[in-house]
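Trainee: Below you will find the structure I want to go over with you.
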Amino acid sequence: MEHIRTPKGSINKGAQKPHAPPDFFMPVQVENVRLQDRFNTRKPAVGTLYLTATHLIFVDPNSKRETWVLHMHIDSVEKLPLTTVGSPLLIRCKTFQTVTFVIAKERECHDIFESLIMLSKPATITELYAFQYNPQATLLDHGDGWSYFSLENEFSRQGLPNNRWVHSPINKDYQICDTYPRTLFVPAGATTPILLGSSKFRSRGRLPVLSYYHKDNHATICRCSQPLSGFSARCLEDEQMLQAIMRANPNCNFMYVVDTRPKINAMVNKAAGKGYESTDFYSNIRFQFLGIENIHVMRNSLDKLIEVCDLKNPSVGDFLSGLENSSWLKHIKAIMDTSLFIAKAVLDEHASVLVHCSDGWDRTAQTCSLAGLFLDPYFRTLQGFQALIEKEWLDFGHKFTDRLGLTAVEEKEVSPVFTQFVECVWQLTQQFPCAFQFNETFLLTLHDHAYSCQFGTFLGNCQREREELSLSTKTYSLWGYMRKNMSDYVNPLYRRDHPVTKGVLFPNTAPQNFKFWRGMYNRYESGVHPRESVTDTVSAMKDHSASLEDHVRLLEKRIAGVKKLLGKDTTVLSPDQQAKGDSSPEAVDSSNAVPTEDGRSEDNVANAVSDASSESGIEDVQSPLNGDSASTEENEEKQDDKEDTLNSTHDLEEEAEGRDVPETNVKVENSPSGGAGDATDMSLNRLSLEMDSVALEWKAFRNIRQCSCETPLDAFNKKYHCWRCGDVFCTRCIDKQTAIPGHYSQRPVPVCRTCYKHLKLESSLS
């Protein structure tokens, strides 16, 4: 085992204190380590294992493949029995990656084992990766993402405050509920004594407050925690609070109280002084128990699902029976059914719904957010979905630190509540593929970074904790990072104006409509025959079409300019005569020029076009390609349609806020050679440059084994096209964006490093 010296100096690993900050961890290097492949046990990869402060990295020199495991993604580390070739180390990750390293020396294996246990379970939240993460300023600014969302703005978008629902400052200093946000919307008829009395009667002070307002029919979704009713206790203020919620909706004379728990669980809680609302005390209320199991059942269910996914060579029967025995999809269906009940009550019955579970931060968050997703198309956009998570999960106090196991918390507090929500959204995208602006990659990135602790967005159990930790100043925001990479997350099938997109989603929750999410739970499997991502393929086709349409627009402009020029009686000078300044008709010498159909030379036509464009401005030419007398209005409509098509690929609409298009994570340069905006340059060299700068054909992703930098590429790696040469590259080699001369729009597009250098050289020569 070798110690790697770092810029901060070497520190003896044996002298390292438990839970030492990553800044003072000394990286370790181990040679001749085997990486076992459960589908190919006879030929394990042999390479070098690196243990750094943040990652465990295995490098295979033969295939040049790197396997990265983030410490915070590690769920468990297990030392297996010794073998003849070494000591196996089994690592299971929260991202459902499973790797087995065989280390030749048992002592080295034990050292790695202890280090991973320490690094993957920090004792305190301030030891997490987010507090040490410091990206380059060109990639991410410290303030990016922290101010994208405001709870007040979201409720304003919903049409609040109004004469029925008002903002209450009662929790502005977290004095009545430390796990609620400062901003609360309550019925206008609820007085301060009612609010205070209700909060005292609800577990953890989580009184009924507004979650979603349906402005078309005034029905609402509210959320709270279970009442402290016991067997006979009642609270007049809480009863008045529910009546105020019901009266705030003029279109229905009753309301629902949805208890997401199985009724038997709620009855058991009565023995602990909690429980559920009594039908004897709450009038005009319809109670529903909808049977979503608790966090302990969900944790065990996921463990069983992982066991099924880790089977080496299961038969179809074994896999399906194991999947059924895990009950995972059964629980997903229960969450979807409950959310669908809430949404239909709001839309079909115009009834307000109050939702709670036990403490109101697990099952309540799942169902309220999904019901909002069913009802509101805004939440199905990239910006809207982030707002939904901020509101229902972060602001209203889902215990991310505990549920994700980010620190050394009790095992009973850990549960895949957020994972279930992400899967429910994925199940929706399978039934409504055109209704969501984001794709599967977005959901996977969101899920993985919730566990990664690389960003401060999901740290803390409530908003008050995040403020006390000063996360907005000490860490970076995941939303800022994702905004820089937005083009990776766009669903190419999304249509903003599609009837399904604009409408309400009522999914079919019959059992046969639920799918096993291989992209989540078996995404690291390379032994089976993988397919290229359909979404990535369609996105590439859409990008290619957009590039060609942009190029066609420029060609139409050039052709229109040439036609307009050829229709004029213009005296054309040769380049030599222009250089001499001789503009007399007698000096015109066309003996060495190649004649065109009307007798003019190509060089003279090109120069004449340049002169004509200076006079009239080719930018204003609207002549159609066929040269007929089509109306200007019709041509402008066509151009507008093309502009929409070009912009739809990367320029994501910013609903409600009217924000600018998000920046990307790559270096963006202005056009290196003028592009379409340079209307006065129409020399043959210029035209040739424009023609050659756009790839008419793009290579297919299929059978691309490696990037030009020799980085291996397979079905699980994101691949990118260079818009200038059409070749396929890895994410490291597509780190530049620039406008290319052959595009009319001159918007920055991805280019490889070689093409970027060519464009810069052409710019300097021009």
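Note: Cβ is positioned from N, Cα and C throughout, glycine not excepted.
Not measured: the values here are computed from a predicted model.
What TrEMBL records for this protein is below:
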- 1-22: region 'Disordered' (REGION)
- 145-521: domain 'Myotubularin phosphatase' (DOMAIN)
- ASN294, ILE295, CYS357, SER358, ASP359, GLY360, TRP361, ASP362, ARG363: substrate binding site (BINDING)
- CYS357: active site, phosphocysteine intermediate (ACT_SITE)
- 571-581: compositional bias 'Polar residues' (COMPBIAS)
- 571-681: region 'Disordered' (REGION)
- 709-760: domain 'FYVE-type' (DOMAIN)
Trainee: Does ASP359 (substrate binding site) have same-chain partners at least 6 apart in sequence with Cβ under 8 Å from its own Cβ, and which are they?
Mentor: SER203, ARG204, ARG206, SER225, GLN226
Trainee: Using only the Cα atoms of ASN294, ILE295, CYS357, SER358, ASP359, GLY360, TRP361, ASP362, ARG363, which the record gives as binding substrate, return the largest interatomic distance in Å, rounded to a whole number.
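Mentor: Between the most distant Cα atoms of the substrate site, 12 Å.
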Trainee: Taking all residues of the domain 'Myotubularin phosphatase' (145-521) together, what is their mean pLDDT?
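Mentor: That stretch averages a pLDDT of 95.
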Trainee: State the three-class DSSP label for ASP359 (substrate binding site), counting H, G and I as helix, E and B as strand, and everything else as coil.
Mentor: coil
Trainee: I want to verify one value. Collapsing DSSP to three states, which class is ASN294 (substrate binding site)?
Mentor: coil
Trainee: If you count CB neighbours within 10 Å, which one among the binding-site residues ASN294, CYS357, TRP361, ARG363 has the smallest count?
Mentor: ASN294
Trainee: If the substrate site is taken as the center of the Cβ atoms of ASN294, ILE295, CYS357, SER358, ASP359, GLY360, TRP361, ASP362, ARG363, which further residues of that chain fall within 8 Å of it by their Cβ?
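Mentor: Residues close to the substrate site, other than ASN294, ILE295, CYS357, SER358, ASP359, GLY360, TRP361, ASP362, ARG363: THR260, ARG261, THR364.
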Trainee: Give the residue counts of the domain 'FYVE-type' (709-760) per reduced DSSP state, in the order helix, strand, coil.
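Mentor: Tallying H, G and I as helix, E and B as strand, the rest coil: 8 helix, 11 strand, 33 coil.
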